[in-house]
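Novice: The structure's right below; bear with me while I get my questions together.
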Amino acid sequence: MKDTFVEKVDDFVKQHDVLKERSTIVVGVSGGPDSVALLYYLLEKRAAKQFEIVVAHVDHMFRGDESHEDLQFVQDLCKELGVICETIRINVSQYQQQYGMNAQVAARECRYAFLERIMKKYDARYVALGHHGDDQVETILMRLVRGSTPKGYAGIAVKRPFHNGYLIRPLLGVTKEEIVDYCHKLKIIPRIDPSNKKEVYTRNRLRKYVLPHLKEENPQVHEKFQKFSMQMQEDEAYLQELAFEKMNKVITKKSDKQISLSIPAFESMSMPLQRRGIQLILNYLYEYKIPSSLSSIHIDKVIEFFKRTQPSGSLDFPGDLKIVRAYEECSFGFKQEIVSPFLQDLSVPGTITLSNGDKLVTEVSEDIPSNMNETVFVAKYNDISYPLRIRSRENGDRMSIQGMNGTKKIKAIFIEAKVPREKREEWPVVCDARGNVIWLPLLKRSAFAISKETAKKDKYMIIHYKSKESSGRIMK
């Protein structure tokens, strides 16, 4: 075991490849023992490692004069040490009310936004924070008690991407006691935040009542938790990679605001990959800004939702995210405004773009296409009244079906094809000038259509449905 605080931190930094020489480091300094000790450690290494140090401090304005005194303390300390100091005062309570989040999440968002800004300003490679080994123990315990994702159970990361560089925590290998001793040896008198002793917070209760018992069993318990954290992170990285690979085969459609997947294909995945797959979708749609009210319980709800016997249904998630099941497909997307009825003429030849970005393209030809799948409609040119009209469905719509006597309700065709209700309103209905429904793209052709087998030399009107979507990957 190393005798000194500095040597222990040196070993930890080297073991985990925390930071490189000749780098600019933004150090988050609250004025408390942890961040002040981190600052002094980095200053001790500054000359040898050719570090550029910038201190950043946020006054969250939670504690009135006390928090303002913290800011002044940091400014005075930096002046004494000859270090660049960037500070800001943010009314976090106002921000919290404005965006409807708890105080801790609001403070974190404001603080990290400021750190990112300072990182950009000085072209820094790292943001260093003062979390230590006891923090790691408390964090893992708290997440186990409250529930979290597998990534969350791994606790605090030593190093993770942040802006164009990394957020690092060099002190995770030492305890709070060692930090306090280091401050005493340097005759530093840091600021003390009284809220750290309030038992209203889960973390503080764990610190006061649980952590001492763990340290009685093993004084180096923080090292065991740190090892557990690293193993969890390594395992999680591997499972995330597998989940990416599998989900890219499960997803059937993808856009910026919506993802659809095949439920049978999804359920063929193992449960660990299913949970991570749902998390990947949520990360993508929320753009990695997951609402604080979202938890592992929501992921379990989605998995249970897929197992229900009912063929359709929906779930509402925070931030207006809606999850809609329609038979064997499920769509994740943000609630959209009601689709307005539409009507548009389509010339021949010509092209129109639909509201979803897909296109209908018409042509006149004496030859029929070699590929006569559901994306193509062919009729004799003179059998159709022009112009063609593309519209939304209407009550009572019917069409004569190729190879069938009489007519059939459009509604029945949608139901048989298991088209979700919300998609029916935006589905294009192709009519001729007399109002006859001649084609429901991708679903049914009318009696006006000809087949490849019955086609002879003639003049044909051909419509192609061209989708902008391919099988979507959730990896950008």
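Using N, Cα and C of the backbone, Cβ positions are placed for all residues, glycine too.
Dumping what Swiss-Prot says about this protein:
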type: BINDING; residues: S30, G31, G32, P33, D34, S35; note: ATP binding site
Novice: Inside 8 A of the center formed by the CB atoms of S30, G31, G32, P33, D34, S35, which other residues of the chain have their CB, for the recorded ATP site?
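Specialist: Result: V29, V36, A37, G130, P190, R191, D193.
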Novice: In sequence order, which residues at least six apart in the same chain have a CB under 8 Å from the CB of S35 (ATP binding site)?
Specialist: V27, G28, V29, L129, G130
Novice: Out of these binding-site residues, S30, G31, G32, P33, D34, which one has the fewest other C-beta atoms within 10 Å of its own C-beta?
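Specialist: Counting other Cβ atoms within 10 Å of each of the binding-site residues S30, G31, G32, P33, D34 gives the minimum at G32.
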